[in-house]
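Chemist: Before I ask anything, let me first share the structure, which is written out below as structure tokens.
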Amino acid sequence: MPHLSSSDLLAAYGWDEAFADAFSPYEAEGLSPARIVRVDRGGCEAVTAAGTVRAGLATDSGPDPTRLPCTGDWAALEPGELPVIRALLPRRTAFLRSASSKRSDGQVLAANVDHAVVAVPLAHELRLARLERMLSLAWASGAQPVVVLTKADLVEDPVVLGHLLADTEAAAPGVPVLAVSSSTGQGVEALRAVVAGGTTVLLGPSGAGKSTLTNTLLGEAAQQVNAIRDSDGKGRHTTTTRDLLPLPGGGVLIDTPGLRGVALWDAEEGLGQVFAEIEALAAGCRFDDCAHESEPGCAVRDAVESGELPYRRLDSYRKLLRENRRIAMRTDARLRAEQRKHWKQREAEAAEGRERKGR
Ligand SMILES: Nc1nc2c(ncn2[C@@H]2O[C@H](COP(=O)(O)OP(=O)(O)OP(=O)(O)O)[C@@H](O)[C@H]2O)c(=O)[nH]1
Ligand SMILES: [Zn+2]
């Protein structure tokens with residue numbers, strides 16, 4: 001995006017009236033708005049109205065790693081030789097790191113994502129359980145999920161494509177489903193319209209066609225991005241960054257390493273939306289806490305027996321629920337340990353202070 005004026009630049013990165021409102025108290029303090037592109041050990045990279053800058057981090061986040069700045073955050077920046085992040089605007093949505101990765105901290109992978117586009121390749125048999133898992137994560141983040149069936153050109157028979165669309169829709173209540181091909185351009189305009197407002201992430205397994213789709217959405221801007229990717233990554237003061245990509249038709253794409261293959265993380269509230277019809281049926285179970293296993297008067301199992309609910313859906317729901325409970329338990333233990341460490345440190349500091357005063 002070479003010819004943008006400064007206010008256009010922030011808008012191209014997703015700045016809107018609601019963020020401007022949230023920012024107004026900081027404006028009064030002489031701070032300026034910036035969107036965080038990437039956080040690394042030395043600080044972070046942020047887009048400001050004047051372009052991309054490096055900035056230091058000065059937020060005291062305490063023991064909670066989710067309060068550290070992350071890609072997609074809007075921040076209040078104190079200008080200077082080395083600008084410093086003074087505060088973060090409240091997040092609209094947040095994607096949390098999977099606990100199945102080696103580091104089990106609930107770190108935020110991306111913030112302020114409006115649309116979570118889940119790419120499902122049509123080249124293979126539909127992997128609906130994997131889709132349901134990604135959808136629950138997407139719902140839990142607060143973003144609106146959208147399913148994109150990629151490589152639609154590989155399914156020549158429109159009747160077959162119709163069935164695949166119907167199966168996907170049944171696994172994704174409340175979620176728009178689009179068939180898209182980067183090769184033929186089918187469905188690309190419809191996807192462009194979806195992502196034109198706000199910030200989007202592309203999720204999905206390796207080989208689903210996410211990079212190809214990103215390049216399709218970027219159009220000519222893709223060459224610029226790829227050039228930056230190929231260099232040593234020191235593309236300072238460029239307005240196109242690798243992790244936050246303004247799209248020519250409007251909207252921003254977040255393409256941050258680690259987010260693409262995300263697993264489930266604290267997504268239990270998302271499950272209710274992915275399996276909306278099961279939760280609705282559960283209202284008819286005799287027991288409020290029915291696990292739909294062997295309890296008497298279970299309306300969910302009745303629906304499976306009558307053929308109203310496919311067994312595959314119930315099985316998938318139970319597995320995700322169990323997986324989530326395990327992850328949540330591990331997180332609780334870790335958070336408690338960290339909290340203890342934090343308070344011990346505080347106590348030690350306080351004791352040291354008393355000692356010094358006493359001298
Ligand atoms: N036929 C067809 N092939 C496609 C389409 N989109 C992508 N492909 C091919 O699918 C393969 C994987 O595409 P990528 O875009 O690299 O997939 P990805 O999801 O980015 O994969 P990772 O980078 O591993 O996460 C490549 O060989 C692409 O050429 C499409 O619309 N139609
Ligand atoms: Zn039940």
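In case you wondered, yes, glycine gets a Cβ from its N, Cα and C as well.
All annotation found in TrEMBL is predicted automatically rather than curated by experts.
According to TrEMBL, the record shows the following:
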- 103-262: domain 'CP-type G' (DOMAIN)
- 111-260: domain 'EngC GTPase' (DOMAIN)
- T150, K151, A152, D153, G204, P205, S206, G207, A208, G209, K210, S211, T212: GTP binding site (BINDING)
- C285, C290, H292, C298: Zn(2+) binding site (BINDING)
- 331-359: region 'Disordered' (REGION)
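Give me the lay of the land around each of these features.
Modeler: Secondary structure from DSSP puts G204 (GTP binding site) in coil.
Taking a C-beta cut-off of under 8 Å and a sequence gap of six or more, C285 (Zn(2+) binding site) has these contacts in its own chain: H292, E295, G297, C298, A299, V300. Classification of C285 (Zn(2+) binding site) by DSSP places it in coil, neither helical nor stranded.
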Chemist: Between G204 (GTP binding site) and C290 (Zn(2+) binding site), how far is it from one CA atom to the other, in Å?
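Modeler: So the alpha carbons of G204 (GTP binding site) and C290 (Zn(2+) binding site) sit roughly 32 Å from each other.
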Chemist: What binding-site residues among A208, C285, H292, C298 have a C-beta sitting less than 6 Å from any atom of ligand 2?
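Modeler: So the answer is C285, H292, C298.
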Chemist: Between T150, S206, T212, which of the binding-site residues has its C-beta surrounded by the fewest other C-beta atoms within 10 Å?
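Modeler: Minimum Cβ neighbour count within 10 Å, taken over the binding-site residues T150, S206, T212, occurs at S206.
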Chemist: Please compare the binding-site residues A152, A208, C290, C298 by how many other CB atoms fall within 10 Å of each one's CB, and tell me which has the fewest.
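Modeler: With the binding-site residues A152, A208, C290, C298, fewest surrounding Cβ atoms within 10 Å: C290.
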